[in-house]
Amino acid sequence: MPKPVVAVVGRPNVGKSTFFNYLVGKRISIVEDTPGVTRDRIYAEVEWRNKKFTLIDTGGIEPYSEDKIMQQMKRQAEIAIETADIIIFMVDVKDGVTASDKEVATLLRKTKKPVIVAVNKVDKIGELPADFYEFYNLGFGELMAISSIHGLGMGDLLDEIFKYFPEEDAEDYDEDVIKVAVVGKPNVGKSSLINRILGEERVIVSDIPGTTRDAIDTFVENEHGKFVFIDTAGIRRQSKINEKIEKYSIIRSWTAIERADVCLILIDAKEGVTEQDTKIAGYAHEQGKASIIVVNKWDLIEKQTGTLEEYRRTVHEKLGFMLYAPVIFISALTGQRVDRIYGLIKHVADQAAMRISTGVLNDLLNEATAMVQPPSDKGKRLKIYYMTQSSVKPPSFVLFINNMELMHYSYERYLENQLRKSFGFEGTPIKFILREKEKE
């Protein structure tokens with residue numbers, strides 16, 4: 001089940017970034033008193049009462065431009081409507097209701113999504129100023145009084161947000177269905193690839209509502225198995241709003257990644273691996289998802305002997321945390337190698353679901369520790385008593401050891417390489433969980 005998405009909307013300087021930073025607990029956005037300075041990170045995960053959601057600060061869409069203020073407001077509201085499950089409409093009690101607030105309100109009234117009005121800069125929650133009640137005229141019902149800078153009223157606001165969270169339904173797909181997310185930056189060819197994959201195959205293809213907002217998933221069955229391509233509507237439609245705010249397609253990518261078994265991470269062959277590619281791939285890695293790096297537009301590259309292998313090395317250098325992911329070079333336009341994608345998806349999904357018995361694992365562990373001794377520090381050596389597999393998707397292994405502080409990252413990497421050498425695990429991250437064995 002993907003995390004709900006909450007967007008904070010409002011005109012510049014009402015305190016969106018301060019609110020964002022207070023909830024996230026670290027100063028991610030740049031906070032100054034100049035309207036439009038939120039240019040840094042625009043999203044973060046927030047946890048409240050053991051539930052998580054993704055918070056978006058819409059102030060980070062694009063630098064503020066004085067002559068385009070209403071255009072900017074409109075874009076923020078449109079993004080919130082497009083992307084979020086719940087919208088926080090932030091206003092400033094000290095300024096009262098402004099013309100800009102009314103303009104945003106008009107746009108937000110067009111959505112069927114819940115809108116919560118947060119009246120910011122209220123210094124005493126128990127003594128509301130007369131101006132507070134003006135905001136009822138915006139027409140969204142109950143108002144929430146907060147002070148982002150002092151953290152007042154935040155708990156009540158979060159509780160109000162929670163009332164609108166979708167119920168946590170389990171995915172209703174059978175276990176043998178592989179859920180696939182096609183992710184990548186704007187204009188990398190996601191839409192072309194999806195249409196090529198679905199169009200080329202003589203298969204059963206049906207559109208079904210996804211579990212998230214207006215997502216449409218596409219079910220495919222062929223000789224390789226059963227597949228669901230997540231949120232194909234969002235990919236096909238791209239953004240109806242404006243290219244400048246295509247940054248927000250990354251939010252849609254995360255939601256798809258969270259639901260997926262396998263991620264197809266698209267790279268533009270002409271551009272190479274960009275910062276945004278690294279962020280998307282990094283998120284798939286952090287979420288423990290099996291992944292395939294798909295280099296699209298390969299038909300546009302001039303080739304000579306060794307071009308492909310050299311490009312593969314460069315991709316792995318840039319995405320050093322994802323050396324386990326196979327790289328395939330395709331052209332969604334011409335169809336080059338697209339027919340290999342289904343087989344590769346099935347292969348990495350099987351690898352991510354592989355289980356190894358404890359006996360076999362410990363034979364490997366004994367060999368590995370005999371070949372390369374575990375690290376030591378100040379005369380104390382790391383002892384690894386035994387290893388067992390705790391889960392799959394991604395394959396996760398518990399190492400029972402004598403002292404957590406003696407384990408080095410480099411030795412974990414060595415053990416991971418030994419596991420891969422013996423069993424494969426191609427396309428999937430491997431996770432280690434360290435447990436200190438209780439001293440007798």
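Backbone N, Cα and C define each Cβ position, glycine as well.
Taken from Swiss-Prot, the feature domain 'EngA-type G 1' applies to 4-169. Per Swiss-Prot, the feature GTP 1 binding site maps to 10-17, 57-61, 120-123. Annotation source Swiss-Prot lists domain 'EngA-type G 2' at 178-353. Marked as GTP 2 binding site by Swiss-Prot: 184-191, 231-235, 296-299. For 354-438, the entry in Swiss-Prot reads domain 'KH-like'.
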Residues satisfying Cβ distance under 8 Å from G184 (GTP 2 binding site), sequence separation of at least 6: K190, S253, I265, L266, I267, D268, D277, I280, N296
Three-state secondary structure, K16 (GTP 1 binding site) (per DSSP): helix
Around the Cβ of N187 (GTP 2 binding site), the count of other Cβ atoms that are within 10 Å: 13
Conformational class of G184 (GTP 2 binding site) under the three-state DSSP mapping: coil
C-beta crowding around N13 (GTP 1 binding site), within 10 angstroms: 17
Alpha-carbon spacing, T58 (GTP 1 binding site) to N187 (GTP 2 binding site), which is rounded to whole Å: 22
For W298 (GTP 2 binding site): intrachain residues, at least 6 apart, with Cβ closer than 8 Å: A269, F329, I330, S331, Q336, R337
Separation of alpha carbons, N187 (GTP 2 binding site) and N13 (GTP 1 binding site) (Å): 32
Within the predicted model, mean pLDDT of the domain 'EngA-type G 2' (178-353): 83
